[in-house]
Amino acid sequence: MYRVNNLLQTSFCVRSSFASCKRLLSTKNPKHHSNKYEFRKINKLLVANRGEIAIRVFRACTENNIRTVAIYSAEDEGQLHRIKADESFKIGKGLAPIAAYLNIPEIIKVALKNDVDAIHPGYGFLSENGDFAKACEEAGIIFVGPSPDVIYRMGNKLNARQSALDANVPIIPGTTEAVEDLNAVREFVKEHGYPVMLKAARGGGGRGMRVATKESELEEAFQRASSEAKAAVGDGRLFVERLVSQARHIEVQVIGDHYGNVAHLYERDCSVQRRHQKVIEVAPATNLDPKIRERMTADAVRLAKLVGYQNAGTVEFLLDDQGRHYFIEVNCRLQVEHTCSEEITGIDIVQSQIKIAEGARLADLGLEQDQIKIMGAAVQCRMTTEDPGNNFTPDVGRIDVFRSAEGFGIRIDSASAYTDAVISPFYDSLLVKVIAHARNHQEACAKMVRALQEFRIRGVKTNIPFLLNVLQHKQFLEGSITTSFLDENPVLFKFIPAQNRAQKLLSYLSEIMVNGPLTPLGTDIKPMDIKPELPHVKKREIPNGWRQVLLKEGPHGFAKAVRRHPQALLMDTTMRDAHQSLLATRVRTRDLKKSAPFVAKNFSQFFSLENWGGATFDVALRFLHECPWERLSELRELIPNIPFQMLLRGANAVGYSNYPDNVIDAFCQMAVDHGMDIFRVFDSLNYLPNMKVGIDAVGKANGVISAAVCYTGDVADGTRTKYNLDYYINFVDELVKMGIHILSIKDMAGLLKPRATKMLIDAIRQKHPDLPIHLHTHDTAGTGVANYLAAFEAGADIVDVAVDSMSGMTSQPTMGGVVAALQNTKHDTGLNMDKVNEYSAFWEQTRLLYAPFECTTTMKSGNADVYKNEIPGGQYTNLQFQAFSLGLGSQFENVKKSYIEANQLLGDIIKVTPSSKVVGDLAQFMVQNNLTAKDVRERAEELSFPSSVVEFMQGQLGQPHGGFPEPLRTQMLKGKKKIEGRPGADAIPLDFDKIEKKLQEKFGEDIIRKCDVMSYVMFPKVLEEYIDFKKQYGPVDLYPTRVFFVGPRLNEMMDIEIEHGKVLHIVVMAIGELMPATGEREVFFQVNGQLRSMKVKDKAALKDHKVHPKADKNKKNQIGAPMPGQVLDIKTKVGDTIKKGDTIIVLSAMKMETVVKSAVGGKVKEIHVQIGQQVQGDDLVVELE
């Protein structure tokens, strides 16, 4: 009667004998239909399918009072189709997921056991299997579809082609028999040439189809098509046809009864296809000549009548650009896109199928041809769980959020589309069918676009961005597309990725709640639960300030105006150096912006604000996950009246490397474009050639050049001759020759004393009376205010202060102290002390948010020993903190002593980042290894010094005043190359366009901006990690500071404004117990009143949980899985030498096979997977040497 063939993965599929097929092929005239057909009422119907189509049939049954039965595999236990049915039964024990739905004997057994009257096959699986229809017939069960004879004849593509010839329907040249080997395909190619289409002989819903355009593609195409066909329908045989390009794919919906009557429900255009699978279908076909429509529908009906077609089916054609149509195949089943025909005709095709199966005539159902009319236009989109940004690789996992579209003219057919649904890799990637119906094609497209934009799906990727691109493309809207439409329009594959802000933000909170802070905290002290506030300021309340002078007069005029100004000018460092010295540079843009309008309104007299550059640049990216360029432009928007100042490390910009000169030029120009005004240009060794690069770059960008002389030593101490008054005066002379606008004295360690301050500034003022002088110091010893008073008396114009609550110790002197000290004098700043106090109160509270980084945890006061150790302010704090965190707090005094020795060993150098780091590294090296200065000199050749020390000795930072200490330099270098002169002088200019292209290829064109390219040039790895973090966790800068660092409390309400007028109301409800099987915990949220949850790997638990290694994307020798799936085949072995582009493994997911090729050549070191193994995206599969 029928037999079971054990195929790939034990896919059960029954086929008719060769003799019966031969008999059907030889049939010239169809069996005449009897006018008598026994009517059989269907009371219970089983759907031999799953998912969306099963539910679609169930609904039709319920509307006709028919009881429904579902079958499901073990993998589908949680699927809705099982629950929607009145009864459901598990099948396929021990079988592969697809094989369960191909097991004819078991399906028949379930039907008989449960008194089923009829079986509907849906589409796919056994829907076009004649043996299944025959098995139903022999078991006395109604098969809702064509008769077995018709399926044998038309379900097989070769038989169908012969029938088309018999019906005088034009066909495409192709093989007359199914082929099972490659040689038969090559014989066809010899006669007809390339390109050719390989198709599953028994259908496959787009699977089992491959195109070969040349000989080199043929073998791979044959293997993949045959393998997919076997997996999909249990038969790997193929047939071959000449490929007709530049054609439209048009299909005619037909329906016939058991009495020889056939009607058509007009046509659908299915030309939008990917991987030979339809993606978007429209009905009726747009811009179709009525005469062509009439010919195609007539051919479809004639063919159906010839073979005695019963029930619903589709006759498919290709229509070329000459208006000639060619028969492709007949689908002896319900099509996925049947919904389009239903919408434009008002006919329920599934209900019609069932009633015809019972014995109804077309006339009884109102399906006579003259009664079927076209009403409007319909568009169907197949929303799939595929990632369009990753070559449409199938995505699997849990749907964390599902919000559907609805509204007039929109129909949704789905099954697995709901929150918490799990998308498995075992079946088709179809998630939702969305159907839009309107008066015409353009209106239907508009409705569809609106509907797709309403969907919110998180947890798995979908093809919505791609669908939207197609639907809004002019060519598609005009209706003039062919099957080459996608290939000819690569713009369709450029996507604006969904922001997914809410989901990403929840992911960040979940990670913190389960695994702790993602930004390393300095101490265990928690941020205070406080919300500092300042009075609201309207933009019109902000007065003009010194920036308006700069914009009007330019840098030179600005400098003259500053010099003419009779009162003392202040620069506020609160937004940069102050928190760098006191709070490890961790203050976020969010909190800086809170105070910005208040500062703009009340301190317009400020000379400038130091708010950018230096360490803030990389810390913003590395630890705060913020873009420093955005910080600059956002602050500029809020503070339009006060000049901004930044710290520029000469030839190093804000980085720590030597860059080509064009990098410094481009950096300074970009900084100006983002709102920077004044550049304090310095070099950590006072090395003039390095400084000239920065000075020239600022000048080209039309910025204010504030060149800095870094101060060390003591000009008032006659015994210290290396850095005496003559040294500084000569250095200033050279700076003036370079065309600077302002001179800055950078006393980074706070070594100036009032007498030295007066001597130094007076000497400079006498020599350069028109040069504005700007003094910067740190208040480590507590003498800062006294130094500033002396500076103003000696002729200084500007000094640096920090607001009171952010001043003192290693920060700058107190703003309020300086303002008060100068009141009622000729240097009176004119600042309102009440406003200073209000400003200070805000930062006093804000500082509590940064308690984990508070320097006062270890540093309780200033210390005058800085005059001996000369440790810069910010470094003093860091060194002390490091000593305490390593349990070496008691040894900090030793570190300070060693710092003095290390400085002398290196030649008594200028100490400011990065040269200060060199001294600090050497000092810590000495303490850790219990070395004295004598030990270092005697054992230099055998010791392994820190890399920063070696690079300094090479000359990577430039040439120190007085030269390098010998023979220590030579001994430390151990033969390494010495650099004489400016380190970056011979560097080849960087190609920014090339770098931008590289980053865009890696992260996407929509992600990478010009400023990101510059950030990458400064800190390559940091920028890449920042982008990856943003992709994973979204705009975390929107979180309040306490929440950002340590997360919220349970049941704490948060309002997060993701954009103007859009607020997320978030509450963390609970954290679930550990799931031992996965090592995960589930975090539950309420977002805008709706329950959401996120699953997070518990890193502590994962230590005991075996996890497959992931491929490191930065290592080209590690090849990862491009998508989740099952390993079907491994094409290489350990020891093989492979070339770039060689196939290494074959993956299968959602019934689609993907060939994984090596991106590089090399020798196979290890294979990390085996055939049959399930892998996740990015799992390491092959490792090369």
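Heads up, the Cβ atoms here are built off N, Cα and C, so glycines get one too.
Since the structure is predicted, the reported quantities are computational estimates derived from the model, not experimental observations.
Within the same chain, residues at least 6 positions away in sequence whose Cβ sits under 8 Å from that of R333 (active site) are P121, G122, Y123, S127, E128, G145, A312, G313. The active site annotation in TrEMBL covers R333.
Annotated ATP binding site per TrEMBL: K157, E241, H276, in sequence order. Cβ-based neighbour count (10 Å, all protein chains) for K157 (ATP binding site) stands at 22.
Annotation source TrEMBL lists Mn(2+) binding site at D577, K746, H776, H778.
The substrate binding site annotation in TrEMBL covers R649, T913. On its own chain, R649 (substrate binding site) has G614, G655, Y656, F682, D683, S684, G694, T913, P914 as residues at least 6 apart in sequence with a Cβ closer than 8 Å to its own Cβ.
Residues annotated as compositional bias 'Basic and acidic residues' in TrEMBL: 1104-1115.
According to TrEMBL, the domain 'Biotin carboxylation' annotation covers 41-491.
Averaged across the domain 'ATP-grasp' (161-358), pLDDT in this predicted model comes to 91. The domain 'ATP-grasp' annotation in TrEMBL covers 161-358.
If you look up TrEMBL, you'll see 568-837 marked as domain 'Pyruvate carboxyltransferase'.
Per TrEMBL, domain 'Lipoyl-binding' is recorded for 1116-1185.
What TrEMBL records for K746 is N6-carboxylysine. Cβ environment of K746 (Mn(2+) binding site): R680, F682, A708, V709, C710, Y711, H776, V912 lie under 8 Å away, each six or more residues apart in the same chain.
Taken from TrEMBL, the feature N6-biotinyllysine covers K1151.
Same-chain residues lying 6 or more positions outside the region 'Disordered' (1104-1123) and placing a CB less than 8 Å from one of its CB atoms are 387, 390-391, 393-395, 1079, 1144, 1147, 1149, 1154, 1156, 1158-1160, 1162, 1165, 1168-1169, 1175-1185. The region 'Disordered' annotation in TrEMBL covers 1104-1123.
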Could you break down the residues of the domain 'Lipoyl-binding' (1116-1185) into DSSP helix, strand and coil, giving a count for each? 0 helix, 38 strand, 32 coil
Which Cβ among the binding-site residues (H776, H778) has the fewest C-beta neighbours inside 10 Å? H776
If the Mn(2+) site is taken as the center of the Cβ atoms of D577, K746, H776, H778, which further residues of that chain fall within 8 Å of it by their Cβ? T573, D747, M748, T777, D800, Q812, G873
Ranked by how many other Cβ atoms lie within 10 Å of their Cβ, the binding-site residues E241, D577 are led by D577
Protein Cβ atoms within 10 Å of H276 (ATP binding site), excluding its own: 19
I'd like the number of other C-beta atoms within 10 A of the C-beta of T913 (substrate binding site), please. 21
Among the binding-site residues listed as K157, E241, H276, the Cα nearest the Cα of D577 (Mn(2+) binding site) belongs to H276
Between all pairs in K157, E241, H276 (listed as ATP binders), what's the biggest Cα distance, rounded to the nearest Å? 16
